[in-house]
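A.B. asks: The transmembrane segment annotation in TrEMBL covers 12-30, 42-64, 76-100, 120-142, 162-183, 203-221, 233-257, 277-297, 332-354, 360-377, 389-410, 416-434.
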């Protein structure tokens with residue numbers, strides 16, 4: 001009896017929780033190993049962590065301005081579409097669906113499974129099949145919740161954001177206490193230049209930026225935000241500053257307790273930290289870390305489903321995925337679409353190979369989105385934006401992103417080439433299906449038939465009210 005559309009249910013607190021919940025996830029608990037391995041020393045790794053935080057702030061501020069200029073949801077996709085055109089936006093969508101998002105979700109899911117099982121198998125490592133099974137169960141639970149209710153997904157994200165900050169506090173406090181007592185031996189010769197390998201630095205930045213990734217999540221749900229012109233910049237600035245401070249203190253705590261060899265040898269750095277510094281919490285911290293990963297999974301599904309929803313509405317994805325459940329008011333088909341690919345990547349993937357695999361495509365298109373902001377400013381100087389950043393912010397961010405992407409070909413040519421191939425494979429698909437609209441009559445009829453049957457089965461309809 002009521003109109004079918006996505007409601008504005010994301011308040012400032014929920015926007016802040018979405019950002020914190022998406023940034024503080026598996027990254028800070030698994031990325032220290034990747035950053036240290038590719039930066040070569042404790043000192044350089046801390047420089048990388050701070051630089052990644054500063055770079056994330058530049059990107060977040062650029063996206064905040066884009067969010068006030070472009071009033072549609074969809075994040076990277078809609079920003080590239082509105083500023084650079086349909087071809088690069090479709091290539092992003094293609095790479096996001098087949099590489100970036102399933103690999104990212106698989107990384108977070110595997111971290112969730114590993115930390116959830118750690119207390120039950122310590123001091124031994126948890127069996128790989130058990131880790132993958134628990135990872136999938138966690139992912140499917142979040143998938144079901146997002147299909148059921150927007151409100152409950154947002155409430156869960158708020159609650160888990162508190163858990164994430166508590167998990168960081170339980171690492172920071174004992175580390176700072178030991179540092180205050182004079183335990184600085186692991187910081188001796190912190191900037192060892194002999195161990196620095198410049199061509200590996202892009203991989204160190206990928207690992208660090210993965211830990212910070214999530215600062216762009218409010219842009220995906222722009223149409224569901226309350227007072228977006230005010231709440232997007234405010235939520236972005238507060239959350240990114242909070243995470244930068246938390247991450248720097250957490251890494252200092254790691255290195256106060258664990259030496260370089262300990263960090264590199266640990267499959268779960270947070271667990272190794274607790275085993276050494278705070279044995280009374282040996283069974284608590286891994287569970288808190290697992291819940292942090294659970295929140296990141298929730299935020300990822302919540303936001304990416306909106307990308308598919310908007311892309312379908314813009315005519316670059318099948319029409320079924322722009323439909324909303326008639327009672328739940330959730331984009332049910334878009335929420336459910338990802339689980340086959342994520343399931344496959346969890347079953348066959350390794351965390352660190354997956355990390356490099358999807359990072360190339362992700363940062364390429366984020367750099368293009370901020371390039372789009374520069375282009376949009378030039379094309380529309382008359383457009384008033386309630387939030388505007390200095391031009392050097394998007395320029396600096398774009399240059400660093402694209403330079404890092406280019407350098408990564410030397411660092412990990414195999415995985416980066418795979419990611420590049422997936423992006424380029426979208427060209428013929430775009431040309432045949434989107435640009436030229438070459439459809440076989442049989443295929444078109446079959447598509448319409450399946451869409452109708454699935455629409456009836458899932459009880460979904462097109463959005464009835466324009467929300468942008």
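Glycine is no exception: its Cβ is also placed from the backbone N, Cα and C atoms.
Set these features in their place in the structure for me.
C.D. replies: Using a Cβ-Cβ cut-off under 8 Å and counting only residues 6 or more beyond its ends in the same chain, the transmembrane segment (12-30) has close neighbours at 107-108, 111-112, 115, 154, 157-158, 160-161, 164-165, 167-168, 210-215, 217-218, 221, 225-227, 230-232, 234-236, 238-240, 242-243, 246-247, 250, 268-270, 289, 292-293, 295-300, 302-303, 351.
Using a Cβ-Cβ cut-off under 8 Å and counting only residues 6 or more beyond its ends in the same chain, the transmembrane segment (76-100) has close neighbours at 63, 66, 70, 216, 219, 304, 307-308, 310-311, 314, 316-317, 337-338, 341, 357-358, 361-362, 365-366, 368-369, 371-373, 375-376, 419, 422-423, 425-427, 429-430, 434-435.
Same-chain residues lying 6+ beyond the ends of the transmembrane segment (120-142) with a Cβ under 8 Å from its Cβ atoms: 105-106, 109-110, 112-114, 267, 271, 275, 282, 290, 293-294, 297-298, 301, 339, 342-343, 346-347.
Away from its own ends, the transmembrane segment (360-377) comes close to residues 59, 62-63, 65-66, 69-70, 76, 79-80, 82-84, 88, 91-92, 95-96, 99-100, 104, 206, 209, 213, 216, 383, 391, 394-395, 397-398, 401-402, 404-405, 408, 415-416, 419-420, 422-423 of its chain (Cβ-Cβ under 8 Å, at least six residues beyond either end).
Long-range contacts of the transmembrane segment (389-410) within the same chain, counting only residues at least 6 positions beyond its ends with a Cβ under 8 Å from a Cβ of the stretch, are 55, 58-59, 61-62, 64-65, 199, 201-203, 205-206, 356, 359-360, 363-364, 366-367, 370-371, 373-374, 377, 416-417.
Remote same-chain residues near the transmembrane segment (416-434) are listed as 86-87, 90-91, 93-95, 98-99, 315-316, 356-358, 360-361, 364, 408-409 (criterion: CB distance under 8 Å, separation of at least six residues from the stretch ends).
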